[in-house]
Amino acid sequence: MDDSTDDDSYHPRKHYAYDRQVSSSRWRTSREYIRGPGPETHTTESAQDGQDPPAGVYSYGYFSGSGNDPQVQGHFVPEIQKYNPYVIFKGEQLPVPIWELPEEKVQDFHDRYFIAKDKSRVEARKTLNRLLEGNINTIERGHGYKFNIPKYTDNMEFNEEVKVSLAKAGKTISRSFCNANQREVASRTGYTIDLIERTLGAGLNISKRTVLYTNKDLFGDQSKSDQAINDICALTNIRRGSLGIIAAEKGIVVGNIFLELTNGKSISCSIGVQIPHRLDQIKDVCVEIGSRNIEYILVVEKHTMLNYLLEMDYHTNNNCIILTGCGMPTLQTRDFLRFLKQRTGLPVFGLCDPDPEGISILATYARGSCNSAYDNFNISVPSICWVGLSSSDMIKLNLSETNYSRLSREDKTMLKNLWQDDLSDVWKRRIEEMISFDKKASFEAIHSLGFDYFATNLLPDMINKVREGYVQVQEKKEPQDTEASED
């Protein structure tokens, strides 16, 4: 599954937060950098005004007051750099964060795989013009468009270094107007290239839904216009956002943080806000003044989960950021999660229903999807840990049989396909348990034990169990020095 089902008609409940002007003088006197979970501060010349800390090394927050003895208001507690058995990948070799790869290594990935890049609108438009101009001769001869598009949906491999599924370079598929079987798809591709080029030239963005309705007779339905957009991203090696294509964003983020924008304003996330379309307009992510340390990011499968946790004030009581894609996440939601992970260094935990679709959604955040294979490198978060809910979690609760439904044939096929991947032992075991249990459920069934039970008891316990996974591996990997203990 992927994000191709984005629909502009979908409107989840929106929590609008206020914009406020952040005083530049307050920002200059209060911004400091923190290393690790302790209160150690760094005020060296390398942490000058407006300069971001090195990615993956520092976390940062707000302090009240000024001078040499600031009071900590709260900061981001970075993830322990140890393997956790609840991640999706097998083996204890940690993935190298994409943003920490040296430039020559990134180039090596681009040579070996089809990976889309961020480009300026001017560069993107020039690339599209070259594609159109390259077809002028064939069009004049009456042959129409012809494009050789990289194969990405069925030409993927799992890269062990970054723990992400990527599309291998070297294979292409033809879209030719001369071929009767390819004529329609070639026409859709050529039309969409021209549409995007004109939109970029006008300095505008266009939604995926609008692309469909600019020529409904040509596309027919959303899946075909989405395919044309994805093909163009692969053909040009340009990311969708750089082409001015936006989807109806349904993702929401909640937490005692605010997003500092490049225009000097900020957006509070304390009561929930829709995920911004343009990450390039976010300058920083900061802890709200007066808030405690933020300890982790919790990704939840669906809108009802987020509404429930928001009602229980879970993000404040448990010092976390909550994010949902309201089902299968869009590219923007996945990119925003990667952005939060990169900027904060926080561990990421995933919560889903005990059903095949929930597992597939978490796997998409971690590894990516086939339809976005050209962008998986940029937006995947392989370190996400599957907190629950699993079949064994539900069995232990002794819920009534009326809370379950049988797995369908499609459910079993999805589980078997997931199981065949090279997954960690925990993921494999949980999938096997679900197949054996032959039932699925929804987290709402747990409310029969009390409305607040899940938020105040079960979920914190499950997260603590996953967090202990780091410690267990650490003790296993680093036994105590016997000579030192004798001293």
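Glycine is no exception: its Cβ is also placed from the backbone N, Cα and C atoms.
What Swiss-Prot says about this one:
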REGION    1-56  region 'Disordered'
DOMAIN    119-252  domain 'Topo IIA-type catalytic'
ACT_SITE  Tyr213  active site, O-(5'-phospho-DNA)-tyrosine intermediate
BINDING   Glu301, Asp353  Mg(2+) binding site
Message: Cβ neighbours within 10 Å, counted over all protein chains: which one of the binding-site residues Glu301, Asp353 has the most?
response: Glu301
Field: Set of same-chain residues at least 6 away whose C-beta sits under 8 angstroms from Tyr213 (active site, O-(5'-phospho-DNA)-tyrosine intermediate)
entry: none
- prompt: Per-residue pLDDT averaged over the domain 'Topo IIA-type catalytic' (119-252) comes to what?
  reply: 88
Query: In the domain 'Topo IIA-type catalytic' (119-252), how many residues does DSSP assign to helix, to strand and to coil?
result: 66 helix, 25 strand, 43 coil
